[in-house]
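Engineer: From TrEMBL, here are the annotated features:
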SIGNAL    1-28  signal peptide
TRANSMEM  231-254  transmembrane segment
TRANSMEM  296-324  transmembrane segment
TRANSMEM  330-350  transmembrane segment
TRANSMEM  362-391  transmembrane segment
TRANSMEM  397-419  transmembrane segment
TRANSMEM  457-476  transmembrane segment
TRANSMEM  488-514  transmembrane segment
TRANSMEM  526-546  transmembrane segment
TRANSMEM  558-586  transmembrane segment
Amino acid sequence: MSVCMGKSTACLFGAIVILWCCISHVTSDASDHRYNKGDSVPFYANKVGPFHNPSETYKYFDLPFCSPANVQEKKEDLGEVLNGDRLVVAPYKLDFQIDREPESICKKRLTIKEVAQFRHAVLKDYFYQMYYDDLPIWGFLGKFDSEDKDDPTGATVHLFTHVHFEILYNNDRIIDVFIRNDPRAVVDLTQNREVEVDFIYSAKWIETDTPFEKRLEKYSQTSSLSHNLEIHWFSVINSCVTVLLLTGFLAIILMRVLKNDFVKFTPDEEAVDDQEESGWKYIHGDVFRYPRFKSLFAAALGTGTQLFTLAIFIFMLALVGVFYPYNRGSLFTALVIIYALTSGIAGYYATSFYYMVEGKNWVKILVLTGSLFSGPLFFTFCFLNTVALAYNTTAALPFGTIVVIFLIWTLVTSPLLVLGGIAGKNSQSGFQAPCRTNKYPREIPQLPWYRTTLSQMAMAGFLPFSAIYIELYYIFASVWGHQIYTIYSILFIVFIILLIVTAFVTVALTYFQLATEDHEWWWRSFLCGGSTGLFIYGYCLYYYYARSDMSGFMQTSFFFGYMACICYGFFLMLGTVGFRAALIFVRHIYHSIKCE
């Protein structure tokens, strides 16, 4: 078993290293360009969409801009497509170190329909995104004046027609680029009538002494400003204090209680006949009775272990600098590939645990393990992709991309899942319970309401959530907004604290459950450990309605749909952590007594 897992781990680590090298190579080649004066610089227009709805983005030329006869599309990788990027060659010509006086791209007479399109876009705060030498650029389409910002009806709408580029360079490299709109060069789109528009652009090159290696620092510094760092470190200190208090509380309580329990249960020839077993000792013949629905339980543990491994490798790549700001699609590429490569871990742990608890049908457990997380994710994707297609947004995946993902699942994920399952089946490791299980289960006494599963889950999820909720806002503002998050070291610390708090809380609640002579702790420990995922989903409701300006059916469905999948993944991962911690604790305390 150890040799098998050692080889599997080595192969997985090697695959992750190759993935990191590939991502780093692609991203470094994409941005490390040197130019001579007059050289053409890669310039792509990406997408447009409402500023407050990050998922609702459209192709750049879906709006009636000046479009060339043949739109040249950039060949994109898997991660860029999953990120909703649809890059096309921009209609501007900005050669290296060549200033441009105001120059017309085209003169166009907008029809009433096109005027309505632009007016709707301006009223919805549409912005556009471009990439110049792989540097991101943003700009708004126009402006509107209204007495009531919440109700723009009757507002005066203007479309910007002059775009000015300021490009900073150092020797033969581009350092930064800015877009400025001329507030005087506007067209009134308030009325439903045809309008003549002359789209103009200009460019100015400015030399700077900023080195090329620091050209992306400004994006990282937005999340590293002093006031932001203070908040992040306050979050970490808050979490650390929570861990210390919780650890101290549990250590004192459990040590004192267990010490008294052990003293009472220590064989004493004079007192043993006068004392009766009570509490957790009294159920030693039932505490290791296998749980109900053990196939589902084993599948949940295998999937949770896979997601935990996925999270660790993603953090490793983040800490070595792979996911730098606006490295298009690298995170999605890493998620897809690492999830596929770690499916063998899910198969191994699910099947090995299933056989530990005397399961027989290993094919059934593999099918259940392979579909426990990917099944809900697949159905959620089908629904949301249909919504995106109906809205004709870039969030809708092309058929070719869906085929690629299906092939990855068929040729990589499924075979590795089966191989891991075979390895787990052949591991032949017993459960090694320290106490013999009675033939018939003991009746569980009636418990008060605060000892029920739902009440215990509420208590178990609150403390881990309180340790991470401050950091959650910045994560949400980055994923579902336009803020940049680059402090992965702090995020990793918070993640470790989350695991520690989850483990301690689950252990404490498991002890209190056993003390009431309730021996069905297997599922309870898993549900208590994973309950933090439910709290995170509750925070989603708060964030959407109180902290964001997202609106519309598509954005709402994308937000709650994909966050449901993410929170479900947290539920499985933290549930696995909670159960593993509880299992170690239960084995330890029952090893310490004499079970007859």
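Here the Cβ of each residue, glycine as well, is placed from N, Cα and C on the backbone.
I would like each feature placed in context: is it buried or exposed, what are its neighbours, and how far apart are things?
Structural biologist: Here the transmembrane segment (296-324) has long-range neighbours at 16, 19-20, 23-24, 27, 216, 220, 330-331, 334-335, 338-339, 342-343, 345-351, 353-354, 357, 359, 365, 368-369, 372-373, 486, 488-489, 491-492, 495, 522-523, 526, 530, 569, 572-577, 579, meaning same-chain residues at least 6 beyond its ends whose C-beta is under 8 angstroms from one of its own.
Counting only same-chain residues 6+ beyond the ends of the transmembrane segment (397-419), those with a CB under 8 A from a CB of the stretch are 78, 81-82, 336-337, 339-341, 343-344, 346-347, 366, 369-370, 374, 385, 388.
Counting same-chain residues at least six beyond the ends of the transmembrane segment (457-476), those with a Cβ under 8 angstroms from any Cβ of the stretch are 223, 228, 231-232, 234-235, 238-239, 242-243, 246, 483, 485, 490-491, 494, 497-498, 501-502, 505-506, 509, 527-529, 531-536, 539-540, 543, 547-548, 574, 578.
Within its own chain, the transmembrane segment (488-514) has Cβ neighbours under 8 Å at 232-233, 235-236, 239-240, 242-243, 246-247, 250, 253-254, 257, 279-280, 283, 287, 311, 315, 318-319, 323, 451, 456, 459-460, 463-464, 467-468, 471, 475, 521, 524-525, 528-529, 532, 574, 577-582, 585-586, 589, counting only residues six or more beyond its boundaries.
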Engineer: What residues elsewhere in the chain lie close to the transmembrane segment (362-391), defined as a C-beta under 8 angstroms and at least 6 residues from its ends?
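Structural biologist: That would be 56, 295-296, 298-300, 302-303, 306-307, 343, 346-347, 350-351, 354-355, 397, 409, 413-414, 417-418, 421, 425, 553-554, 557-558, 561-562, 564-565, 568-569, 572.
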